[in-house]
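Here is the structure we will look at, set down as structure tokens.
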Amino acid sequence: MIPVIIAGLENDYENFEYKMDELSSLAYANNMEVIVSVKQKLEHPIAATYFGKGKAEEIRHVGEINDIDTLIVNAELTPTQLRNLEDITGLQVIDRTALILEIFASRAQTKEAKLQVQIAKLQYQLPRLRTSSINRMDQQTAGNTGGGYTNRGSGETKLELNKRVIEKRISNLSKELKEIESVHENQRRARERSSIKTVALVGYTNAGKSTTMNGLLKLLEQPTNKEVFEKDMLFATLDTSIRKIKLPDNKEFFLSDTVGFVSDLPHQLVKAFRTTLSEANQADLLIQVIDGSDEHAKDMIETTKQTLDEIGVKDIPMIYAYNKSDLTSTPYPSSVGNQFYYSAKDKKSIEMLINLIKENLFQDYVTHTYLIPFSEGRYLEIINKQANILKTDYLAEGTKITAESTPIMAQQLKQFIID
Ligand SMILES: Nc1nc2c(ncn2[C@@H]2O[C@H](COP(=O)(O)OP(=O)(O)OP(=O)(O)O)[C@@H](O)[C@H]2O)c(=O)[nH]1
Ligand SMILES: [Mg+2]
């Protein structure tokens, strides 16, 4: 664990404690231990140095007496602010965006996630080129060739060159990413054509989305459906997993689990992860998983709302699923309106969640009685496989069967409806 100082500005319009606690968790997720937390009350950041000069000098002092080399600032800094703060504090300065990018980079497993993170990192570096290694490289050139006017010219050319190299890389990686995404796009279209509805698990990172998905898969024992990765760490999941869930009564839906949210998700990441994040856009029902045992649960709901707004999700029905009730005194499982209290590790909870999903998802199902002549046996097969059969009678004319199904299926069997 690397010892660090974290620092932030406190103003009237943000929940300072929540944001700082969040930053501590992010630092921890990146193998850093917060030794000192510094704050400054200020409505707006100082353009050149972010903090006031006095505060920056105080941070330098705190670093010296605690023997700490790294400062994490709870905002995205401008290149100038970053450089000036490094100068004044004598510390290595990491801003919130760089920290989140680092965590994402260390978690990325799939080719797609790796590409997305790489693109986001390069986007972040692009405007910051001048302040980092490039400067040093220019200085080196200056030493070798004697400096002066011509040299300054060549330094600037080098910067331009590096910019172009990075832009080219971004464009190449984006092309590669597009190809992978187009495969997913085709799969998505196929899902849409199947007219089977989709439920998306969304919410703050580490709330228990993946555990909830696995709870459903385990309960329904669907051997073809691989479980997803769940772990007590921020951003355990960086991609989207989709599983087809078939209930004992033949009702089906797709369930998706995806990357979790954190407040002020860097815009570079939102952009690079757009397709992954936008999975929620396609859903018929959202289950927002909330860590009900966290003191900041309310803020986390607000963060989720803001992120969903940002990716353009609106007007999709939502169940507010308060997870980890085993760590609270709330009786569970229980539900009031669209609020559900449960534990993803509890079988009864998952059963109740399935019922809630059913109530929300299959309202348009229709019940009819069909008379299927013996000569039309293949239709019986369809009913058996895809509908919820409520009653069967074998008559002389054929099979009389009462079943609940999607309106589409009822339409296909229209000619056999007798009731
Ligand atoms: N006590 C308790 N812990 C839970 C419960 N549900 C999940 N957890 C734990 O919470 C941690 C995070 O669970 P995940 O399912 O990985 O969370 P996630 O929302 O998928 O997180 P990200 O993928 O990182 O966004 C794991 O250590 C789980 O074991 C629960 O009902 N009770
Ligand atoms: Mg997960």
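A Cβ is built for glycine as well, from the same backbone N, Cα and C atoms used for every other residue.
Just so you know, TrEMBL annotations never went through curation; they're auto-generated.
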Of 156-190, 191-225, the range TrEMBL labels coiled coil: 156-190
Binding-site residues close to ligand 1 - of Ser210, Ala236, Asp239, Lys324, only those whose C-beta is under 6 Å away: Ser210, Ala236, Lys324
Candidates near ligand 2 among the binding-site residues Gly203, Lys209, Ser210, judged by a Cβ under 6 angstroms: Lys209, Ser210
Spatial neighbours of Thr237 (Mg(2+) binding site), counting only the binding-site residues Gly203, Lys324, Ser343 and Cα distances within 10 Å: none
Spatial neighbours of Ser343 (GTP binding site) that are distant in sequence (at least 6 apart) but have CB under 8 A: Asn323, Lys324, Ser325, Asp326, Tyr332, Pro333, Ser349
List of residues, in chain order, with Cβ under 8 A from that of Gly203 (GTP binding site) and at least 6 apart: Lys209, Gly260, Phe261, Gln288, Val289, Ile290, Met300, Thr304
Binding-site residues: Ala236, Val259 - member with fewest neighbouring CB atoms within 10 Å: Ala236
Binding-site residues compared (Lys209, Lys324) - highest count of Cβ atoms within 10 Å: Lys209
